[in-house]
Amino acid sequence: MSQEKERLISGKLVTDDAKLDTSLRPRCLPDFIGQKRLKDNLGVAIQAAKQRGEALDHVLLYGPPGLGKTTLSHIIALEMGVNIRITSGPAIERQGDLAAILTNLKPFDILFIDEIHRLSRNVEEVLYPAMEDYALDIMVGKGPGARSLRLKLPHFTLIGATTRYAMLSAPLRDRFGSIFRLDFYDEEAIHDIVRRSARILGVEADENGLHQIACRSRGTPRVANRLLRRVRDYAQVKGNGLITADIAAESLACLEVDKLGLDEIDHKVLKTIIHKFGGGPVGLETIAAAISEEADTIMDVYEPYLLQLGFLERTPRGRQATRLAYQHLSIPYQNDKNNQQGLWTENGS
């Protein structure tokens, strides 16, 4: 898969997005578009903590990439009026790395750990007393004479973000006071996000042009902002700078993004299941090998949206293309695939 395709439809943050995401990031809950139930519950928790003069309860945010987990963590810090320290699971390799971070926190500070599911179990164990008792247990000495020393930590808030909720251990999950799932955004919310971003970036666009971008954005704000930039470029070079419905449609067609936001790789995944494996069920690892892609990338980037559209089903024997997928790809639907199922299934994937 080319870097351009990855950059366009992936909900994951890439280098080109970082500066733009910061400039477009809302700074308070009322400006955060969508996720109403989450915002309401989070707003109550923040106000209650501020009124009591306490640190906010630990928060876990989970869902597909690009939906606003990092943005929400910054908003929480701004709403609480505290500092935020940002790190990620892969960056914390040893217990000492986490201990150094924890001991440098100030009262009520926020520690944001992205990809928290990638913490090792040894590192995770340091978090248990830190989250529950605001304490850090360290071992002093070695061998039979070693003893445990408990250091007090300031009251702080841990915000964990993950795309793999099921990979978190139960002891870690249980220590979060608030757990919120971010869902894909509906078209109206994405349209509002694209309109807001266009205004901030000074992009000229009519409502029909914005609609063309919104309906292809996979329900993901990060993808919407990325497509807006690419369509802006096309309008500047091929048109008069104004994003109209025709300009947006032409631009996105050139980028091989269809009317539902599916790109070449999405089509390849579905067509591989249909043409090579009789529509499925077929294991994830087999699909990955067939299209020369990593299984984790399919699972994190492509599969959630295909499931959301109802184009893909997860079964005990693997992934299966649905009737809707056949219709979208204009492929005749075959009802009788029993002979194929026995040939191409894998357990558990």
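Even glycines carry a Cβ here, placed using N, Cα and C.
Annotated features in Swiss-Prot:
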| type | residues | note |
| --- | --- | --- |
| REGION | 1-185 | region 'Large ATPase domain (RuvB-L)' |
| BINDING | LEU24, ARG25, GLY66, LYS69, THR70, THR71, GLU132, ASP133, TYR134, ARG175, TYR185, ARG222 | ATP binding site |
| BINDING | THR70 | Mg(2+) binding site |
| REGION | 186-256 | region 'Small ATPAse domain (RuvB-S)' |
| REGION | 259-349 | region 'Head domain (RuvB-H)' |
| BINDING | ARG314, ARG319 | DNA binding site |
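Overlay of Swiss-Prot feature records on the structure.
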residue : record           : DSSP class
LEU24   : ATP binding site : helix
GLY66   : ATP binding site : coil
GLU132  : ATP binding site : helix
TYR185  : ATP binding site : coil
ARG314  : DNA binding site : strand
ARG319  : DNA binding site : strand
Among ARG314, ARG319, the binding-site residues in question, whose Cβ has the most other Cβ atoms within 10 Å in this structure? ARG319
Out of TYR134, TYR185, which of the binding-site residues is least crowded by other Cβ atoms within 10 Å? TYR134
For LEU24 (ATP binding site), what residues in its own chain, 6 or more apart in sequence, show a Cβ-Cβ distance under 8 Å? ARG196, SER197, ILE200, LEU201, ASN225
Here the Cα-Cα span from GLY66 (ATP binding site) to ARG314 (DNA binding site), rounded to a whole number of angstrom, reaches 23
Taking only the residues in the region 'Small ATPAse domain (RuvB-S)' (186-256), give me the average pLDDT of this model. 93
Between the two most separated Cα atoms in LEU24, ARG25, GLY66, LYS69, THR70, THR71, GLU132, ASP133, TYR134, ARG175, TYR185, ARG222, the residues recorded as binding ATP, what distance in Å do you get? 37
ARG314 (DNA binding site) to TYR185 (ATP binding site) - Cα separation in whole Å: 22
Near ARG319 (DNA binding site) (Cα-Cα within 10 Å), the binding-site residues in question, chosen from THR70, GLU132, TYR134, TYR185, are none
